[in-house]
Amino acid sequence: MKVIHTEADWNKYWLDCIKTDKNIGLVPTMGALHQGHLDLVRQAKSSTDIVIASIFVNPTQFNNQEDFDNYPITLEQDLEKLEKEKVDYVFVPDTDTMYPSQPKLSIDFGELERVLEGAFRPGHFNGVGIIVAKLFNIIRPHKAFFGQKDLQQTGIIKRLVSDLSIPVQLEIVPTRREKDGLAMSSRNVRLSQEERQASLLLYSSLTKAKEELLAKQPWLKVQQQIHRDFEQAPLAKLEYFELIHPESFEGYSEFDLKQKSSICVAAYIGNVRLIDNLPIIP
Ligand code: PAF
């Protein structure tokens with residue numbers, strides 16, 4: 001496994017891949033790798049010839065300085081994990097490499113980012129769009145792999161690729177959960193024991209709401225009940241709990257078995273902000 005830091009280094013290896021007709025798979029990450037990331041890597045290994053993972057904690061996608069400062073960094077362990085998975089290359093650029101100057105461009109994804117994460121984290125998807133476009137331009141992968149846990153991010157990136165005609169195929173990999181249902185996230189390591197316990201409310205509220213919807217309970221009633229459950233949990237603070245169309249992210253006020261739908265949740269558990277989602281009608 002080769003660890004590279006600059007675009008110029010990668011260009012040499014990229015040329016070798018292209019000359020030998022190899023398909024390149026990119027797994028973009030911000031490090032602090034867990035099994036969910038390794039699922040992306042395994043999916044990449046099984047559907048491309050050469051796998052490159054990137055590790056870069058992208059400052060422009062953090063709308064909250066404290067969140068950026070506290071983002072876990074575990075480079076040495078990450079490299080060990082990737083080596084075990086037989087990843088071919090790891091791209092670990094520094095901030096000056098990715099941002100030789102502050103971008104003047106900003107990307108507005110329109111109504112796709114007026115809701116959910118976009119509404120609660122202003123500027124977040126601009127930062128995601130810019131860094132992912134930069135990674136695609138530098139690495140030039142045939143395929144790129146993203147996790148379903150960041151459902152709105154996957155929608156934004158699909159749109160980036162289609163609006164800018166970027167020649168890359170996207171693969172979305174299902175959310176990996178702990179045995180008790182908590183969606184794996186790099187932020188989970190910041191939870192205290194008590195908060196870890198409280199964090200179960202995210203997944204349990206998703207499954208409870210799904211059951212109730214399928215039992216024909218009206219969505220607004222289900223949503224109100226979940227808001228009350230969160231109000232009664234001392235360590236939890238709900239930001240949103242919405243029933244949406246999983247591609248347009250438009251909110252529904254009623255559940256309809258004939259329409260694609262997912263529920264998305266975001267909540268603070270202590271100081272740690274977590275998100276999750278569950279498809280109801282895929
Ligand atoms: O999902 C993430 O880890 C990040 O948002 C990504 C796609 C690597 C961009 O920084």
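Glycine is treated like the rest: Cβ placed from N, Cα and C.
Under the heading ATP binding site, TrEMBL lists 30-37, 147-150, 184-187. Residues or ranges marked as active site, proton donor in TrEMBL: H37. Marked as (R)-pantoate binding site by TrEMBL: Q61, Q153. The beta-alanine binding site annotation in TrEMBL covers Q61.
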Would you list, in sequence order, the recorded positions among H37, Q61, Q153 whose CA lies within 10 Å of the CA of M184 (ATP binding site)?
H37
Around H37 (active site, proton donor), how many other CB atoms lie within 10 A of its CB?
27
Taking Cα atoms as reference points, rank the recorded positions H37, Q61, Q153 by distance from S186 (ATP binding site) and give the first.
H37
I'd like to verify something. Among the binding-site residues M30, G36, M184, which ones have a C-beta closer than 6 angstroms to some atom of ligand 1?
M30
In whole Å, how far does the CA atom of H37 (active site, proton donor) lie from that of K149 (ATP binding site)?
11
Count of other CB atoms lying within 10 Å of the CB belonging to M184 (ATP binding site):
19
Counting across all protein chains shown, how many other Cβ atoms sit within 10 Å of the Cβ of H34 (ATP binding site)?
18
